[in-house]
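Annotated transmembrane segment per Swiss-Prot: 7-27, 450-470, in sequence order, evidence recorded as sequence analysis. What Swiss-Prot lists as FAD binding site is E34, G48, R107, D306, A319. According to Swiss-Prot, the feature N-linked glycosylation site maps to N186, an assignment based on sequence analysis.
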Amino acid sequence: MTSDFKVIIVGGSVAGLSLAHCLEKIGVSFVVLEKGNQIAPQLGASIGILPNGGRILDQLGIFHSIEDEIEPLESAMMRYPDGFSFKSQYPQALHTSFGYPVAFLERQRFLQILYDKLKSKDCVFTNKRVVSIASGQDKVTAKTSDGAKYLADIVIGADGVHSIVRSEIWRHLKENSQISVLEAPNASIKHDYSCIYGISLNVPQIILGIQLNCLDDGVSIHLFTGKQSKLFWFVIIKTPQASFAKVEIDNTHTARCICEGLRTKKVSDTLCFEDVWSRCTIFKMTPLEEGVFKHWNYGRLACIGDAIRKMAPNNGQGANMAIEDACSLANILQKKISHGSIRDQDINSMFQEFSMAQRARTESVCAQSEFLVRMHANQGIGRRLLGRYLIPFLYDAPAGLSGFSISGATRIEFIDLPTRSLRGAWGKSWRGSWEFILQSLVYLRPKFRIVYALYLVAAAAFILYCLSSLFP
């Protein structure tokens, strides 16, 4: 390592390992403290890598290993309660526009790749639960449950929604009267849905490269094909507030009861959820938190990933935004180091710069996620009408929504862009839906063009009205 600056990363999952890779590239010393006994445990979860995450991983020299593990998505089928369905080419549209496929693979395998590609494996420690963090005048110390102490210049919390680093940030803010003692850390977090996720094998009637979605009342089912006859799936279900404690305490029994009740749900014309559930090899249930935490840093402490935001998996951006966080923080750190050693007074400004760089984008992507999970579950008359009667006739509206969130993505500024990303629509306005509308008008018979155009204008106006809050 070429820098005297040292970073403690609390948490060895997507955000933590991504940051470790970025720090390795700029020569900054680090340690990763993971509380679990494995870096890549098998929890039955899958992970979606969209072009914004894929581009960063490609810059880090990792994406080719991920591509070897995936069955790229090409299209998606959306099915509604009345049996109506439509096909979206959003995965292929995103691949064509940004240069990277929509990739789904086992979360365990993804984490293993991140770890295997890391050169400084001796800096990654498991069974290291951080129990306290003490800030000194010029250093910070993290103490783990086994009594070990680690000294560094800053501590980055990549330790998820129940982050001890974020708890320490809130404690300091309250002690220094920067926030009210009555202000709750989770005040901005919603708990409206739960997620059951799992992996099934050898499910019949599955076509590789096609994502299947059942968008029912209060529940949505999503299926993604993988290699080796694996099918990754998750069920998002509206959950009463009083039931969340039960979900956390006895999630296996609760999940089993819910899935048993969904057996007859048709995911396609030829496939019922029974076909998926009966071939399930592993599953788990978890409450879904949604929202952006208000405070991200204090002193020498800062958070990234799920420690600063939580979103439903419907837009597939959770892991990708965590990767972007790591990239954004590394960009700022690299600039500081390139101008000489980092002074104590530079640390707070560095974290403030990170917050300014990521907060607006974070809030926008989270708003999109909140909108999607509710539209997929047909919650509210406006979302129900939008999903069932308008979006299907705009052809690639799903691609447009995804394209909006991808086009403004962060990239590693100190590493050249890969060739495949140079042809992409990065940083440009996403006009896929509107281009299709203009093209479709050309091929319609003249007497239908006016009717179709008026319908699309009305549909577009309604969509813009519904989505206006999502794209500030």
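The backbone N, Cα and C atoms fix where each Cβ goes, glycine too.
Overlay of Swiss-Prot annotations on the structure.
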residue : record                      : Cβ neighbours (10 Å)
E34     : FAD binding site            : 24
G48     : FAD binding site            : 21
R107    : FAD binding site            : 22
N186    : N-linked glycosylation site : 16
D306    : FAD binding site            : 26
A319    : FAD binding site            : 22
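Largest Cα to Cα distance within the recorded FAD binders E34, G48, R107, D306, A319: about 22 Å as a whole number.
Taking CA atoms as the reference points, R107 (FAD binding site) and the residue listed as 'N-linked glycosylation site' are 26 Å apart. Under the DSSP three-state reduction, G48 (FAD binding site) is assigned to strand.
Within the set of binding-site residues E34, G48, A319, the entry lying nearest in space to the residue listed as 'N-linked glycosylation site' is A319 (CA atoms).
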